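My structure is below; once you've seen it, I'll send some questions.
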Amino acid sequence: MKIDNIVITGGGTGGHLKVAEAFINELYERGLKATYIGSKNGQDKEWFGPHNRKLKKAIFLDSYGVVNKGFFGKIKSLINIIRLSFECNDMFEDKNINKVISVGGYSAAPATFAAIMTSGCKLYIHEQNSKMGKLNQLTSFFATELFSSYDAKSKVKDYPVDNKFFDNARVRSATRAVIFLGGSQGAKSINNFALSVAEKLHIMGIKIIHQTGRADFQRIKEKYQKLGIEADVFDFCMDIENKMSKADFAVSRAGASTLWELAANALPTLFIPFPHAAQDHQYTNALFLVEKNMAYMKRESQLSQEYFFECIQQDNYEMSKRLVNSIMSDSIKLMLDCILEDH
Ligand SMILES: CC(=O)N[C@H]1[C@@H](OP(=O)(O)OP(=O)(O)OC[C@H]2O[C@@H](n3ccc(=O)[nH]c3=O)[C@H](O)[C@@H]2O)O[C@H](CO)[C@@H](O)[C@@H]1O
């Protein structure tokens, strides 16, 4: 049997990196080590550099995004991506890379284009969001398989959420603790909203768990101290599943990984989509659950304390029960089976 020589590429922010990590861990469980290709810019190095025992090698290129740039900035980024794609292409031919798994984001661009350019190399894409990112729109036509949780045609439909979120799941009813989540970078508006409802929650005897993101941590911590409220405040933690499992209700951005982790955990959530996400994809991510009566959602500009307190005072038992059946565990195993059995 031919041994696969696999590259995993993509990242930039936690949502993409979490899926890359799921593939890396599953390959490692099966006695295989992949090469990771990410970017020097963004969070990739923090996740996979410098000596990751589960990887054959981690390579960080000087790649950066094309969107949200002026005309000349776009041209410069494109030239840079083309140059890096040729570098990756040389490397793939030299090292006999035969499969590339892309999890999207700008840091996936060079290795994804190189997969298309290299003869005998197959491309597999995992799209996390309900609206396809720009890179995937351009390259998915060349992919052997495109996995998406929102696409009925996807061979594996469920999002590759880590089993630890399922292990900690429980059906919620009354709200005794609320968790505020801002995605991998934190969200200032969710932080401010949490502070605005903190005193009332405290009076109601409801505990507060609050992920602030790095930039806003000190400010928020001091505000809780001034209010005399003992909240569990942190900037980013590696055991977020334990924090989620202590909560009975969440207020969260609708980044794809967080959204499906909350679903796996059966935690009823009020989603506040990031208003500037490309093509408003956080809104449509959340809408996917809201339409099935599995979540609440408000635009940031329409969020009110009244609506929040209405949500947490509901009996959310049925919603939580529906979430239990919304996603199955072990989908990463099925995805990797598809990829490894494909010759
Ligand atoms: C602003 C923006 O464009 N955000 C995008 C980015 O979000 P972002 O990177 O914030 O993505 P997600 O919410 O999908 O993922 C964040 C990840 O960080 C983890 N975490 C978070 C806090 C913490 O303390 N510990 C921890 O481990 C979460 O469990 C989750 O796995 O990528 C997502 C996936 O493509 C997109 O859906 C989002 O729209």
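Each Cβ is built from the backbone N, Cα and C atoms, and glycine gets one as well.
So TrEMBL says this about it:
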type: BINDING; residues: T13, G14, G15, N129, S184, Q282; note: UDP-N-acetyl-alpha-D-glucosamine binding site
type: DOMAIN; residues: 6-147; note: domain 'Glycosyltransferase family 28 N-terminal'
type: DOMAIN; residues: 178-316; note: domain 'Glycosyl transferase family 28 C-terminal'
Let me know how many other Cβ atoms fall within 10 Å of the Cβ of G14 (UDP-N-acetyl-alpha-D-glucosamine binding site).
20
Which are the residues of the chain, T13, G14, G15, N129, S184, Q282 excluded, whose CB is within 8 A of where the CB atoms of the UDP-N-acetyl-alpha-D-glucosamine site average out, their centroid?
H16, Q128, G183, R253, G255, A256, S257, T258
Using a 10 angstroms cut-off on Cβ to Cβ distances, just flag whichever of N129, S184 is the loneliest among these binding-site residues.
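Each of the binding-site residues N129, S184 was scored by Cβ atoms within 10 Å; lowest is S184.
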Looking only at T13, G14, G15, N129, S184, Q282, which the record lists for UDP-N-acetyl-alpha-D-glucosamine, tell me the maximum pairwise CA distance in angstrom.
15
How many of the residues that make up the domain 'Glycosyltransferase family 28 N-terminal' (6-147) does DSSP mark as helix, as strand and as coil?
67 helix, 30 strand, 45 coil
Secondary structure at Q282 (UDP-N-acetyl-alpha-D-glucosamine binding site) (DSSP, helix/strand/coil)?
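Once the DSSP labels are grouped into three classes, Q282 (UDP-N-acetyl-alpha-D-glucosamine binding site) ends up as helix.
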What is the one among the binding-site residues T13, Q282 whose Cβ has the most other Cβ atoms less than or equal to 10 Å away?
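Neighbour-count leader: Q282.
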For S184 (UDP-N-acetyl-alpha-D-glucosamine binding site), what is the secondary structure by DSSP, using just helix, strand and coil?
coil
Taking only the residues in the domain 'Glycosyl transferase family 28 C-terminal' (178-316), give me the average pLDDT of this model.
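Mean pLDDT for the domain 'Glycosyl transferase family 28 C-terminal' (178-316): 97.
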